[in-house]
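The feature domain 'Citrate transporter-like' is assigned by TrEMBL to 13-359. Residues or ranges marked as transmembrane segment in TrEMBL: 53-72, 93-121, 177-196, 223-255, 275-298, 310-339, 351-378, 407-432.
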Amino acid sequence: MNIILIIMTIFIYIGMILNTKKRTATALLGAGTLLLIGTLTSSFDVAKAFTSFPSEIIILLIVLSLFTDIFERCGVMNRISYKFVELSKGSQTFIILVLPFIIFFSSLFMNNLSVVLLFTYTTIYLANQYHIPITPILVSLVVSSNIGGAALPWADTPAVILTLYTDFSLFDFLNKMLFPCFLFIVFLCGYTYIWYRFFSKHWRESPVIKKEPIKWKELRIPLILFVGYIIGLCVGPFFNVSIAYISLFFGGLALLSNHKESMDLLNDLPLLDSIAFLIALFLIGGVLEQCGILSSIAEYILTLTQQNSYLICLSILGIAFLIATFLSAGPAAATLLPICTSLSPLVPFHLIYAALALGILSGSSMLPWSATGGPVLLSQTKRFIKHVKMLPHEKKELEEIFVLKNYLVFSIPFALFMVLFSALYIVIYIAITI
């Protein structure tokens, strides 16, 4: 039965790759089919597979999108774009090199999904005004947020899980994760600039963005609530408080403080497609996890390492990379964390957890759906196309981000570079410290 489930999963992914416009329908159909097979054949515990339903992430997305919509209507996004134009003095190179750094540093202290939601509109505005190729700048937005989210223990869900359920401490993040993540963002800036300079068509025209006033009276309370919300997201998990509870609390306050009708505000949020897609992906991952397919593959590969520290870390890195690529970070962490815990005594200085985190980071940057930020980015881009007036050629250029080939041509080389660099980094670290 496991072979049948693996074959079906492969066909599901082939369907999503070949027809990206129907990717959500394909993912939902595939998840439903796998769950029905499990129910009818009793080949795995369907109830446990359904625990992979990403309720926390869905609530988080809704509330973050709510705040983003409020900020957009109050003129915050326009003002950020205007400040970029003002600081850059008409230089496209400035935006290409500085924007990923800003997203990275923001993701160090904010949940990376909130960073993607906040910066997508600003990035698109700047790309249109500066005539910057849209695919490199938008993909680098997702990758930058992934890198920032992996560097510290409170920035992203896998990092929080590592901190709460292992002995991988803040000190371990600082001396094992922050350095490679900083190097990754430097390389990403250079990589994006090379794409802009040598592989894409671009024009050198001075951008013009109209400075619109910020509606401070309408913004003041939501801004205070948002700061409190971000602090709550960072601190809450360390006190066993679910980010879903924190999100519901601050989401309710945001709706109460807003002048617009709550029903209209929620109905205008453009996240239904992303939410449905993420639900399907997590359920597919849950099915494979409950079948024991992922853990069986991982354990088999690890038997070949013969208790060698180098091979154990590289195996964890590679398996995490592959699982995160196709099934996102959640299934990768859930599958490999117990294995890493049992093997941790064989690897010095908690490096096995660094290998897991770096593998997840590299894999989550491969495909548009490898990280939750990818579907959110595409959803926000669709919303931009729908609500913002653009010239026909600008709209056509922006729609290139939905062409899977365009996305992969930029993302895959850098993701492969990250996983290879991570392997080299881990090998050198073990060699120096042993």
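Note that Cβ sites are derived from N, Cα and C of the backbone, with glycine treated the same way.
Of the two recorded stretches, the transmembrane segment (310-339) does not lie close to the transmembrane segment (223-255), with fewer than three CB pairs under 8 Å once pairs fewer than 6 apart in sequence are set aside. The stretch with the most CB contacts under 8 Å to the transmembrane segment (53-72), chosen from 93-121, 177-196, 223-255, 275-298, 351-378, is 223-255. Sequence-distant contacts of the transmembrane segment (223-255), counting only residues of its own chain at least 6 positions beyond either end whose CB sits under 8 Å from a CB of the stretch, comprise 55-56, 59-60, 62-64, 66-67, 70-71, 109-111, 114, 154-155, 160, 163-164, 262, 265-266. Per-residue pLDDT, averaged across the domain 'Citrate transporter-like' (13-359), gives 83.
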